[in-house]
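Record features (TrEMBL):
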type: ACT_SITE; residues: Asp140; note: active site, 4-aspartylphosphate intermediate
type: BINDING; residues: Asp140, Thr142, Asp572, Asp576; note: Mg(2+) binding site
type: BINDING; residues: Asp140, Lys141, Thr142, Glu250, Phe298, Lys321, Arg355, Thr435, Gly436, Asp437, Arg546, Lys552, Asn575, Asp576; note: ATP binding site
type: DOMAIN; residues: 598-805; note: domain 'P-type ATPase C-terminal'
type: TRANSMEM; residues: 21-44; note: transmembrane segment
type: TRANSMEM; residues: 67-91; note: transmembrane segment
type: TRANSMEM; residues: 629-650; note: transmembrane segment
type: TRANSMEM; residues: 662-682; note: transmembrane segment
type: TRANSMEM; residues: 709-730; note: transmembrane segment
type: TRANSMEM; residues: 745-764; note: transmembrane segment
type: TRANSMEM; residues: 776-798; note: transmembrane segment
Amino acid sequence: MMNSMNVPSKRSTLERKLDKLILTLFGTLFTMCLIGAIGSGVFIDRKYYFLGLSKSVEDQFNPNRRFLVVLLTMLTLLTLYSTIIPISLYVSIEMVKFIQSTQFINKDLNMYHAETDTPALARTSNLNEELGQVEYIFSDKTGTLTRNLMEFFKCTIGGEIYGTGMTEIERGVAERKGIKVQEVPTSINSVREKGFNFDDVRLMRGAWRNEPNPEACKEFFRCLAICHTVLPEGDESPEKIKYQAASPDEAALVLAAKHFGYFFYRRTPTMIYVRESHVERMGKIQDVSYEILNVLEFNSTRKRQSVVCRYPDGRLVLYCKGADTVIYERLVGGSDDLKKVTREHLEKFGSAGLRTLCLAYKDLAPDVYESWNEKFIQAKSSLRDRERKLDEVAELIEKDLILIGATAIEDKLQEGVPDCIETLSRAGIKIWVLTGDKMETAINIAYACNLLNNEMKQFIISSETDAIREVEERGDQVEIARFIKEEVKKQLKKCLDEAQQYFHGVSGPKLALIIDGKCLMYALDPSLRIMLLNLSLNCSSVVCCRVSPLQKAQVTSLVKKGARKITLSIGDGANDVSMIQAAHIGVGISGLEGMQAVMASDFAIAQFRFLKDLLLVHGRWSYIRLCKVVTYFFYKNLTFTLTQFWFTFYTGFSGQRFYDDWFQSLYNVIFTALPVIIVGLFDKDVSSSLSKRYPELYKEGIKNMFFKWRVVAIWAFFAVYQSLVFYYFVTVSSSTSQGSSGKMFGLWDVSTMAFTCVVVTVNLRLLMICNSITRWHYISVGGSIVAWFLFIFLYSGIMTPYDRQVKYLLGHIRLDEYILFLHHSSSCSCCCTSGRFPLLRCAKMVLPL
Ligand SMILES: [Mg+2]
């Protein structure tokens, strides 16, 4: 609960910028209305006798009440120019985004994980385009970069290391050092099962009896078989049994015991049944039942788990397994050699990227146990602070333990992770790993997945220094806090100074920061936060180890708010939920750790490597498409409204309509609606495989190249230019035109012509911004233009001759008129669309992009 946060609502950066654009448009609308209204106030005068502005004229045209004229004209113009606000834009964007997420992201076979039958899932359609602008990725390690499939790989028993084989990380380390890796052939008798990847003949099939320390081996195997909370399921035979465990580590350990000849096959509330082989003599198999007296459960503060059991012969034993630090604190004095050797082995396992657990046991005297058990029962039945009391009682008995050895479990990297990380960093995305693991393990994993390499300059800020340890041993909490803070400040300052030197250099090495949770706690302090941010933003990769879920979220917010960059968090477990919620985009991995991360996320994928498709392909396309949709909408509405605005200057600012009502209403709904949606769905500059092969293309999104104010300004420029051409070309060229009856062209004839120009040009202009043209483009653009001609054909036919409206095509049609009409419209459209090329050329000469 301490790590939980309020669920934030997320809106994309593009949408927030769009709000600003709409506000600007409102500003423009107001200015246009104001110009018109003031114009009308100035213009209105009785000297224009033909306007009939006599005394009984309505208020809007009364020269004696100019202020009222201005006010009323303002309102008239507000309705007249309201088309400048693209109301249908929001509907179109929602439609486009919805189809993008449900049809493209959810159904992409490249993001489908066949093994688990999991497709990608867009849980919101709000953030598609945000995926195209991500600059920082915060990733969890276990289950996100790794598979979370634990396999028993090595162990150390009584100071002897067992298990051949090399982890991927060890191989990576050897390759970095230039050592040629020789494959160790697996022995003929080696057993391989999911969860057990151990190969050493010395321990298998009872061979451990000949080892230097068979008693320790026995205790080791019994500890694995007894000290757990696993439930067996299915047939009680070694081949068919299934183990249900709270964590995959635990299942792997019980499985290992099975392969060593200690087969745990049944559990009742008080008993554990184990089929033991080769214990008394080689080849003998016997069923042994152990009475489970107490279970001291695992939790994240205790970091250990113990079981008190009674052997059939009455022997009382406590078995304990847990993190090395907590077990070592509780060992009985003496046998320092064993402790030292085991510690060395643990370090070796750690640097090979293995997850380790120490095993220990202790024989209990019956009277000691009885008196402790009373306290335990009391604590267990207490109603208040039960957890704390239980922990305290556990402390009483979990001491003076005898070390048996340690296990090492491998969690392999997910398929394609190093390649994915490399591609993403080429795309300009910086990846931070936030993990609860030890520093050595985290660094090795970071090496294995290409986040760190030897050419990088690494800054390590760790609390595991002698000076800090010394102060910690003294035990004064205030002093410790003060000292570590000072130390962290010093380190940060030193690193930052050094980083700045590299940063100013032209071809300095890439930088990396590795920091542990304890130091991070102090570095996130408001006084040091800026320094941490400056340092980490200069680094291409950052690894934070031993961090709590809340710290994960704090680091994410630091970059999100402090650097104002677009962030993405990816994780698989409940401990990643707050980080997923804190970032602009949260991605959940639907793995083995339950659904909490997925439920909190915006997008869910099955594997880390699918991030490449999600960002570089879908994110990039969505971003480019939506930018086009927004800027194009802005352009088409501005162009249309401006023609009306120019007309106002020739009507004495009276608020006379240039276009027929129907034209104005149907402009956004029918004549220009569909093509822009088609662009939002199908426009594509490069294919998905090229997007992944040339990830550098993604940088355009990070820099927001397609929706800058400059881009909007260029569109606005063309809107003004084209509207001027439409208006003046059509009005001037038809000023002397006349119909077949010899009548001059009227307002509705001219405005129909201008509207034709607008519809044709705006639709053709759309084709010019498309990177790829599919048949859907032809159908929608052609369809929109045809729809207009069809509409005007029917509309002019339906209207009676007494109507004031258009009667242009039908009834009065004559070939010469029609040719004149088409000539005017098409030459005007050509002029508009082609005007773009010389102008763009000039613009590029003046302002090279
Ligand atoms: Mg995890």
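Just so you know, glycine gets a Cβ as well, placed from its N, Cα and C.
Keep in mind that TrEMBL annotations are predicted by a computer and have not been checked by a curator.
Recorded features from TrEMBL, shown on the structure.
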residue	record	contacts (Cβ under 8 Å, 6+ apart)
Asp140	active site, 4-aspartylphosphate intermediate	Val433, Leu434, Thr435, Lys552, Ile570, Gly571, Asp572, Gly573, Asn575, Asp576, Met579
Thr142	Mg(2+) binding site	Asn148, Asp411, Thr435, Gly436, Asp437, Asp572, Gly573
Phe298	ATP binding site	Arg304, Gln305, Gly322
Arg355	ATP binding site	Met150, Asp249, Ala408, Ile409, Glu410, Asp411, Asp437, Thr441
Arg546	ATP binding site	Thr435, Gly436, Asp437, Lys438, Met439, Asp516, Gly517, Lys518
Report summary line: If you count the other CB atoms within 10 A of the CB of Asp576 (Mg(2+) binding site), including all protein chains displayed, you should get 30
Requested in this report: Could you name the stretch, out of 21-44, 67-91, 629-650, 776-798, with the greatest number of CB pairs under 8 A to the transmembrane segment (662-682)?
Outcome: 776-798
Report task. Determine the most Cβ-crowded residue among the binding-site residues Gly436, Asp572, Asn575, using a 10 Å radius around each Cβ and all protein chains in the structure. Result -> Asp572
Query raised in the report: Among Asp140, Thr142, Arg355, Gly436, Asp572, the recorded positions in the record, which have a C-beta under 6 A from ligand 1?
Result: Asp140, Thr142, Asp572
Query - For Arg355 (ATP binding site), the three-state class that DSSP assigns - result: strand
Query raised in the report: Looking only at DSSP and grouping its letters into three states, which state does Asn575 (ATP binding site) belong to?
Result: helix
